Amino acid sequence: WGSVGAGGGGVPGSSVCGAPLVSEHFSQSPQKLSFYSWYGSARLFRFRVPPDTVLLRWLLQVSRGSGPACASVEITVYFRYGAPPVINPLGTSFPANSSVQSPFFIKMLDSNASLNISHPAAGDWFVAAHLPTASQKIEVKGFVPTCAYVFQPDMLVVRTVEVSILEPDIPLPQTLLSHPSYLKIFIPEYTQELQLELQGCVANGSLGCPVRLTVGAATLPRNFQKVFMCVSPTGACRLLLPSPPWDRWLQVTAKSLAGPRVLVAFQVVAALTACRPWNLNFQHLPQSSLNESCNASTGLLPPRPADHGDHGLGGSSRRHGGPCCLTSYPVIREDLDVVSVRFWPVDRVWVQVRPTTPSVMRLYMDTGMDSGGSLTVSLRANKTGITNSTLVAVCVNAASPFLGFRTSLNCTTAFFQGSPLTLSAASHKADLIIPYPETDNWYLSLQLVCPESPEECEQASVLVETTLTLVPCLNDCGPYGQCVLLRRHSYLYAGCSCKAGWRGWSCTDNSTAQTVAQQRVAALLLTLSNLMFLAPIAVSVHRSLLVEASVYAYTMFFSTFYHACDQPGEAVLCILGYDTLQYCDFLGSGVSIWVTILCMARLKAAQKHVLFLLGTLIFAMSLQLDRRGAWNMMGPCLFAFVVMVTMWVYRCGHRRHCYPTSWQRWAFYLLPGISMAALGIAIYTSMMTSDNYYYTHSLWHVLLAGSAACLLPPREEHTKPWACSQKLTCHYQICKNHREDLYTVT
């Protein structure tokens, strides 16, 4: 569409001599992009466009590293006005009754790009970017080379400093030559219609009106700007806008379609049609008094705001649209938590819906911090009030309510497409979910209609129960998801991280989900596979390696219960906090490898136990720094391997033959243990994916425990490990270690 374009070049307007335009530049700190797996993978930026902006230019810059793993990738960038963009790169389904618009996005390689938006709406604009969809492979951090892609958007705005104020019912003369003319009119609250008209249009002294009028500001992903031109030189040139956005300035741009030296003169006239609201007080009113009050002539327009008093927007300049055009229900806003709000009518539970005027509830969501959740609307009608020929029409709109139920049910206002709902005798309930609602005042409009027999609606009324909430995540992401609160500077928004193959905005897409039986099998595999550590525990106890047996028992215990807690859905058991169990599992795995390798080195007892303790402390520190770093575990293990090799080489040189000396030891213990360890490392580092994790990681448990059982050194045959040399009369024994040659190996 015409107001958006991509490309480079200078800033239009900055080179026009004498044009009343100024440029401003806004920037934010860059962010490292990630491959997309859920909404938290996208990097969000929030900008604020100032009022009276005529051109918005996004300058998109991408830089990447220089390593061998850095290749050109496609980057997707989304844009949206008023709220974070609702994106769906994975093509998953949204929850039922969701109102979702297709996002506006561009794709770019790792290079610079730009995007122009003419006459953008003032307020919050959001930019989100991510790399292509993430692969299913689970990569060990620090083991596989990665590439950093850094994204930074800059915002360049061109705004006008001379704007003509268009007052209602007062003609505003305008003259166009080469530059457009910028106007704006303030739309007060309870405005039912806005009519713009061009009068006395003359081009170079002759009749004709080569003028294009653009009303409203551009928004994304959908643009509701109104553009009209006068075709007939003598006919009326009018634009009628029902339900324009309330309590804000409306931009109007006039541009000449004639040649650059053709002078065009005309007048712009704006007429506002006022809507008389019937505002219910806090006390309950009899149902019969509602129509009487609305039909009386005592209904008053709301007072004009003090800050708008100089713009000629008083009641005298507005056309009254009849006795009553809506019934306004006051609403209480209750802030419960971060991005968690509840709305309900004052002093009442039910909203009375009648056929004469719409019942309107305003939801105050213009704080700037309410767009990071999901707006949920739940309606339930009284069954006794709805007949087969009656229908409750409902519209949910932003900026202004929908009031034209008598002519249409499409919920379309001047600059917004609302979400329609219906309540009937066949369906007494209706629900609506709006992910990431725009920052604005939202309106719920309800009216009773009778499409087949309008006379039946004259005296009818229906009570509708409303449940209006703003939640971070719908249903807290369900049993197979986790609601995660995300942050960009001071802005907070929420997203769902799904598990067990469930996907979607609220983890409701079960197209790739695991069944309950599959979840239980996965949980049993990951937990029961740790019982393989009973083998090294038994071998250690038999060979009097009690410290090693304790480490293996610790690893088996915490690995079992960590994986029991790590499961999604129903097969979950957490005896401690998840973070505690994960830390203990990682610590036990690393220390198990450490003590196994040092035990194979056959050091003296004092040296071995000192290294055991130091290694455990080093593992505890490194895992606290970075729990998933590959070198935090591989570094100490490589040091232990160097110690073992050094001791073996020393014994080979000292004894003049290979160490260990027995070929049976090599054939039946060392080679199988080394093979299992190598296969386990290969599986752990390069073969695990999200789909086969339950099987490959269980196999990793088996191989790790099996290799430890095979690699543990044998017990000395000629010397008892803990012989008792003296027996005291008090029945205590003094134990002495008689081992002299600690390097004897069979």
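Quick reminder: no glycine exception, Cβ is built from N, Cα and C everywhere.
Keep in mind that this is a model prediction, so the values were computed, not measured.
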Whichever of Cys457, Cys483 is disulfide-bonded to Cys473 when TrEMBL is consulted: Cys483
Segment-level pLDDT (mean, integer) for the domain 'EGF-like' (469-508): 91
Cα-Cα distance linking Cys498 (disulfide bond) and Cys483 (disulfide bond), given in Å to the nearest integer: 9
Secondary structure content, the domain 'EGF-like' (469-508) (per DSSP, counts of residues): 4 helix, 20 strand, 16 coil
Which of Cys473, Cys483, Cys498, Cys507, the listed disulfide-bonded residues, has fewest other Cβ atoms within 10 Å: Cys483
Rounded inter-Cα distance in Å - Cys507 (disulfide bond), Cys473 (disulfide bond): 10
